[in-house]
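Noted in TrEMBL for the protein shown:
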ACT_SITE  Glu106  active site, nucleophile
ACT_SITE  Glu110  active site, proton donor
DOMAIN    4-220  domain 'GH16'
CARBOHYD  Asn114  N-linked glycosylation site
Amino acid sequence: MASSSYNSRVIPFGMRFFIFVGFFIVVSAGNFNQEFDITWGDGRGKILNNGELLTLTLDKFSGSGFLSKNEYLFGKIDMQLKLVPGNSAGTVTAYYLRSQGEAWDEIDFEFLGNLSGQPYTLHTNVYQQGKGDKEQQYHLWFDPTKDFHTYSVLWNPKRIIFFVDETPIREYKNLESIGVPFLKSNPLRIHSSLWNADQWATRGGLIKTDWTQAPFTASYRNFKADACVWSSGKPSCTKTSPPKGNWFSQELDLAAQQKLKLVQKNNMIYNYCTDTKRFPQGIPRECTVSNT
């Protein structure tokens with residue numbers, strides 16, 4: 001890590017400059033060359049169009065993945081994805097934020113492929129201290145392979161909200177008041193990968209990957225981070241030094257709450273909070289209060 005001292009920093013952003021004291025804020029429509037590293041795949045991950053487009057490819061021999069150069073502690077993270085078209089059964093496109101270590105924190109989007117003409121399953125999860133088991137799954141209200149759509153995470157000290165094209169689909173609240181840990185101490189990096197998971201991804205593993213359809217490709221563009229970059233080994237975005245913008249204290253207004261309820265009514269296909277067979281000793285504590 002860099003020196004632990006904090007100094008005023010001047011951050012170029014297009015033709016403008018922002019000065020922040022005490023912590024490093026980034027507001028960027030990021031260039032993939034500047035913001036990410038291809039971390040595996042032996043050439044199957046590519047950054048194209050002068051850093052404006054990133055593609056991941058999966059074939060019978062390997063998938064591929066990338067990782068953000070920065071770590072973040074709270075923020076609004078947007079990424080546009082266009083998923084694997086056609087017969088994508090057995091494939092998983094994972095897009096998530098994760099901390100380091102064995103007791104890691106994680107915020108998950110995973111897109112589970114399916115046979116041609118069948119809907120993708122959008123799988124969400126939240127891990128705290130290495131423990132997940134907070135899955136909610138959805139069928140999207142559009143074909144995510146035809147065009148790019150925006151998948152976002154808003155993460156602040158009070159809540160985590162998952163968005164699809166700015167429509168909220170899930171809210172996970174800070175419930176430390178009833179003894180549920182929350183993600184607030186560990187910085188997270190953005191990860192994404194395209195990989196073969198045909199042992200479980202499609203209909204519980206009954207449908208296998210059709211390698212005659214390979215290579216499979218997912219595409220990414222228009223990354224944006226309105227977030228606090230973890231710097232000098234210290235937390236940032238404190239109550240006494242909050243960032244500019246409303247995301248740090250944002251919550252769902254009444255209209256957004258109605259949209260969330262509508263999506264969960266019409267598009268949710270699995271909710272761990274209602275799976276009483278999975279939790280015979282009682283549903284998780286956060287499910288006993290209003291925490292969608």
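Using the three backbone atoms N, Cα and C, a Cβ is placed for every residue, glycine included.
Keep in mind that what you see is a predicted model, and the values were worked out from it rather than measured.
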(request) Across the whole of the domain 'GH16' (4-220), what does the mean pLDDT come to? Round it, please. (result) 88
(message) Whole-number answer please: how many Å between the C-alpha atoms of the residue listed as 'N-linked glycosylation site' and Glu106 (active site, nucleophile)?
(response) 25
(request) Only counting partners 6 or more residues apart, tell me which same-chain residues put their Cβ under 8 Å from the Cβ of Glu106 (active site, nucleophile). (result) Tyr96, Leu97, Arg98, Ser99, Asn125, Val126, Tyr127, Gly132, Leu188
(request) Compile a sequence-ordered list of residues in the same chain as the residue listed as 'active site, proton donor', six or more apart from it, whose Cβ lies below 8 A from its Cβ; state 'none' when nothing qualifies. (result) Val92, Thr93, Ala94, Tyr95, Tyr96, Leu122, His123, Thr124, Asn125
(request) Around the Cβ of Asn114 (N-linked glycosylation site), how many other Cβ atoms lie within 10 Å? Please give the count over every shown protein chain. (result) 20
